[in-house]
Amino acid sequence: MKRIGVLTSGGDSPGMNAAIRAVVRKAIFHGLEVYGISYGYQGLINGDIKKMELGSVGDIIHRGGTMLYTARCEEFKTLEGQQKGIEQLKKFGIEGLVVIGGDGSYRGAQQLTKHGFPTIGVPGTIDNDIPGTDFTIGFDTALNTVIDAIDKIRDTATSHDRTYVIEVMGRHAGDLALWAGLADGAETIVIPEAEHNMEQILATIKRGQERGKKHSIIVVAEGVGSGIEFGDRISKEMNMETRVTVLGHIQRGGSPTGADRVLASRLGAKAVDLLLEGKAGMTVGIQKNELVYHPIDEILDRPHTIDQEMYKLSQELSI
């Protein structure tokens, strides 16, 4: 293998630039040429591909977002779109591809592998919802962003004796809500992986009031439902002032934490190693601080699960 490509796809996450940097530098270290594909699979179809040098990835390790840009591409879900992408890869002489993104990005990588093109997936998503790895690139940064926001909201909640509902990202996974809620001592954490009982939530708030508690913090993953609806119901049922904050896309931005920079560097470099070893259709990850890899097919067939021990702890501490 003499020439590889790298792209980012789907939602951006802090640390993607560090992963791109690692792929480019590791490949050049081993004498390979590297081509960056802009705007994900859409850019691949369109031939938006340029050669990258060491200087191409200078001064990016600390930057959020992705220097290669990203996009969602419905066309690549079709056989025709996939064939167009493969034609572009062949046109540029690219023999292997590193795809950085979430499960949708992995599905594109899976199709390329089925067509006989060596592809390695690197988990980049703030949702932390990719099986086969303890952490995904961007999760730690997003977690710290959410914690910082809740810390500030708690100050004003206490000052005004209010209950706050904070909606965080996580359409199908509650990791961000669970970890942030536990770190911030939320009274209630509502996630897609666990059933929630509104009566129990109201009872928890009421017990706090009876103890003289000046505020309540409720963290809701967006996949469960609207934070605004939660807030409205609490206001009506408890006859109390409730405020709702939807954190939104602020969770995706910002300079990546040290943990995300190191994780991204390790995973990006490992992806290049796997291509050099002749592996294809694999995803890289980290488990118990050890780098691992798994078949993409296996990862996509495996459901995301929450850390039950952490969820149990959050329930025990929010009495």
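A Cβ is built for glycine as well, from the same backbone N, Cα and C atoms used for every other residue.
Annotation source Swiss-Prot lists ATP binding site at G11, R72, C73, G102, D103, G104, S105. The ADP binding site feature in Swiss-Prot is assigned to R21, A22, V23, V24, R25, R154, G185, A186, E187, R211, K213, K214, H215. Per Swiss-Prot, Mg(2+) binding site is recorded for D103, and the stated evidence type is sequence analysis. What Swiss-Prot records for T125, I126, D127, R162, M169, G170, R171, E222, R243, H249, I250, Q251, R252 is substrate binding site. Summarising the annotation, Swiss-Prot assigns active site, proton acceptor to D127 and lists sequence analysis as the type of evidence.
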Request  = Indicate the candidate from R21, R25, R72, R171, R252 with the smallest number of other Cβ atoms within 10 Å of its Cβ, considering only these binding-site residues.
outcome  = R171
Ask   = Counting only residues 6+ apart in the same chain, whose Cβ is under 8 Å from the Cβ of C73 (ATP binding site)?
value = S9, G40, Y41, Q42, I45, G81, G108
Query = Measuring Cα to Cα, how many angstrom lie between R243 (substrate binding site) and R25 (ADP binding site)?
reply = 47
Ask   = Which site among V23, I250 has the most other CB atoms no more than 10 Å from its CB, taking these as binding-site residues?
value = V23
Note = Cα-Cα, D127 (substrate binding site) versus S105 (ATP binding site), nearest Å, comes out at 14
Task = Please report how many Å separate the Cα atom of T125 (substrate binding site) from that of G102 (ATP binding site), as a whole number.
result = 6
Query = Could you give the Cα-Cα distance between G102 (ATP binding site) and M169 (substrate binding site), in whole Å?
reply = 14
Query = Record lists G11, R72, C73, G102, D103, G104, S105 as binding ATP; longest Cα-Cα distance in Å?
reply = 13
Integer Å distance between the CA atoms belonging to I250 (substrate binding site) and R25 (ADP binding site) = 30
Message = When you rank R21, V23, E187, H215, R252 by Cα distance to G104 (ATP binding site), which of the binding-site residues ends up on top as the closest?
response = R252
Query = Counting other Cβ atoms within 10 Å of each Cβ, which of the binding-site residues G11, G102 scores lowest?
reply = G11
Task = Using Cβ-Cβ distances, find the residues under 8 Å from D103 (ATP binding site) that belong to the same chain and are at least 6 apart in sequence, listing them in sequence order.
result = T125, D129, I130, L300
Remark   = By Cα geometry, the one of the binding-site residues (R72, M169, R171, R252) nearest G185 (ADP binding site) is M169
Key: binding-site residues near R72 (ATP binding site) (Cα-Cα within 10 Å), from R21, M169, R171, E187, K213, I250   = none
Query = In terms of Cα spacing, which of the binding-site residues G11, E187, K213 are within 10 angstroms of M169 (substrate binding site)?
reply = none
